[in-house]
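> According to Swiss-Prot, the record shows the following:
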- CYS69, CYS71, CYS87, CYS90: Zn(2+) binding site (BINDING)
- ASP489, ASP491, ASP493: Mg(2+) binding site (BINDING)
Amino acid sequence: MIDRYKHQQLRIGSVSPQQISAWAKKILPNGEIVGEVTKPYTFHYKTNKPEKDGLFCERIFGPIKSGICACGNYRVIGDEKEDPKFCEQCGVEFVDSRVRRYQMGYIKLACPVTHVWYLKRLPSYIANLLDKPLRELEGLVYCDFSFARPIAKKPTFLRLRGSFEYEIQSWKYSIPLFFTTQGFDTFRNREISTGAGAIREQLADLDLRIITAYSLVEWKELGEEGPTGNEWEDRKIGRRKDFLVRRMELAKHFIRTNVEPEWMVLCLLPVLPPELRPIIQIDGGKLMSSDINELYRRVIYRNNTLTDLLTTSRSTPGESVMCQEKLVQEAVDTLLDNGIRGQPMRDGHNKVYKSFSDVIEGKEGRFRETLLGKRVDYSGRSVIVVGPSLSLHRCGLPREIAIELFQTFVIRGLIRQHLASNIGVAKSKIREREPIVWEILQKVIQGHPVLLNRAPTLHRLGIQAFQPILVEGCAICLHPLVRKGFNADFDGDQMAVHVPLSLEAQAEARLLMFSHMNLLSPAIGDPISVPTQDMLMGLYVLTIGNRRGICANRYNPRNRRNYQNERIDDNNYRYTKEKEPYFCSSYDALGAYRQKRINLDSPLWLRWRLDQRVIASREVPIEVQYESLGTYHEIYGHYLIVRSVKKEILCIYIRTTVGHISFYREIEEAIQGFCRACSYGT
């Protein structure tokens, strides 16, 4: 449907019998009205043509081949000169065969049938509106018992009988005789109501505004009473208040959407278009049919049997009619939702039939797989991995995926730079992966964002924009801070990448969807780009260091081996294999790590600026080492102080690791960047 703003939308809800009839009925040019499916047949076993008034009837749903009727005659579609527009012999219109994808039919039910979604799904809408237990309504719907009291607002035999203050002795003999007379059928239809018809009458008598008002009054009265002191009674009152709130919300929803409650009971059953429940011929001449066709056949068989019983009601016992009504109700329940009442219906191979609910719901349903999960151009999919060196707004795009996504842009670049004379030559260069192709691709992606999406997209942050960079391999690299917004894990999750083509889409991606502009949760406002499991584990490994203390290094058995220590002299640092190295700056330490001279967790001594907290420390040195020139080293647990002969502090070294240095530098750069941003803002 299209709303007043010309937005296409799909809404699922209850519709009136008149609307179902308008969807399915159509008037042929000769004035004949078709649309009702009355026969449970599909194709004739000899001619392989659809049966008339069956589940694949061409009069109801349109021709199988465009412009060809059931008789084999052909007419040009859309030619106004061709007259008539339908075959007078078979009644099939000369229209496009695609009409069989949306033309519906209907089954006129011999008795009202409740929609199982509104009765059995929790919460039960019918039970909430009628304010009755679900078990009682189920017994009424499936004809397990009847209402032995008047349903309609009119004087009845049972109502008059209950108004007398005394019993007439003769009634003990007259009433049993009355039940055995021929007029009992009239009495039964008037005084006793059962099945979905009784539910429909009760729903039709409801006034939704009165229900809302009475429920609100009762809710206020329960709220004014206060706690009773009895835990069981308080819980009962709480459940009643919750029920009243749900009932008011449901009644308001019906009023707001102009839906009548009695529409939850079906009188006309829609029949899906044939192309949505096809019968396909496979190798060997065998036919494969949708399970919905078999469920429709079951409904039509039982409905036709009930119709025959009702036409011969004088000679048919009432119990037989009620039993057949129950079978019709169960058949419709199985069609709509197989297994909702317990044991699902199975075929001859013990395979469960797929009902209408099974077709549309779930990951492989019609909506998520076919309508929402369509394959689109300029998109790809791959596994995500951590990209720790990436900026927050960047993502690593594999080269092979990027060359496919941006192939048209690369072709345009090759032609504009006169590196290819036409599209064919440009595609040939791309297939051969010439070096110039990667240069042009690098220029293209610099100004073109991409969208990353992880299904299911449950909120706005499920799809975000990134600036791509080319990476090797086949996996998409992602900054770990954006993981929480996607609700993704780096354990094999896949994400889809899309290329926004129009200028409007690219502007929206840059202004609204970039990851560094979505740092807060749109739902509660809390920070969503926070360190999570992967980053915390990485920081732990980065800063864990070597657990051995400074004392343990002196008595390490490895130090007792007799071999000459290799000493490496440099202007920036002094390093020996057996002793912990000394560095003058963090850049020297990181350079030694890149040259693989030290490990990430290897302890080292780093020259540090004077710190008053260190000088004022009352810690007793573990060891004091004197040199020949009179200077000496005071060695503490995590730092050492070099003093002169006059006990002046010459320099300070702290005991740390390369991991700690890297972590400290990242924090320092972040603080400096924040301070610069604040200074620019002021």
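Placed from the backbone N, Cα and C atoms, the Cβ positions cover glycine too.
Because the structure is a prediction, the values reported are computed rather than measured.
Have a look at these and tell me how they're positioned relative to everything else.
When other Cβ atoms within 10 Å of the Cβ of CYS69 (Zn(2+) binding site) are tallied across all protein chains shown, the result is 22.
Cβ-based neighbour count (10 Å, all protein chains) for ASP493 (Mg(2+) binding site) stands at 16.
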> If we check Cα distances from CYS87 (Zn(2+) binding site), which of the binding-site residues ASP489, ASP491, ASP493 wins as closest?
ASP493
> Could you measure between ASP491 (Mg(2+) binding site) and CYS71 (Zn(2+) binding site) for me? Cα positions, answer in whole angstrom.
60
> Cβ atoms within 10 Å, counted per site: which of CYS71, CYS87 has the most, among these binding-site residues?
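Comparing the binding-site residues CYS71, CYS87, the most crowded Cβ belongs to CYS87.
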> Between the Cα atoms of CYS71 (Zn(2+) binding site) and ASP489 (Mg(2+) binding site), find the distance and write it as a whole number of Å.
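Given the Cα positions, CYS71 (Zn(2+) binding site) is 60 Å from ASP489 (Mg(2+) binding site).
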> Quick check for the class: what is the C-alpha distance, in angstrom and rounded, between ASP493 (Mg(2+) binding site) and CYS90 (Zn(2+) binding site)?
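That comes out at 56 Å between the alpha carbons.
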> State which of the following binding-site residues has the fewest other Cβ atoms within 10 Å around its Cβ: ASP489, ASP491.
ASP491
> Let me check the 10 A CB neighbour count of CYS90 (Zn(2+) binding site). How many other CB atoms are there?
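Here the count is 16.
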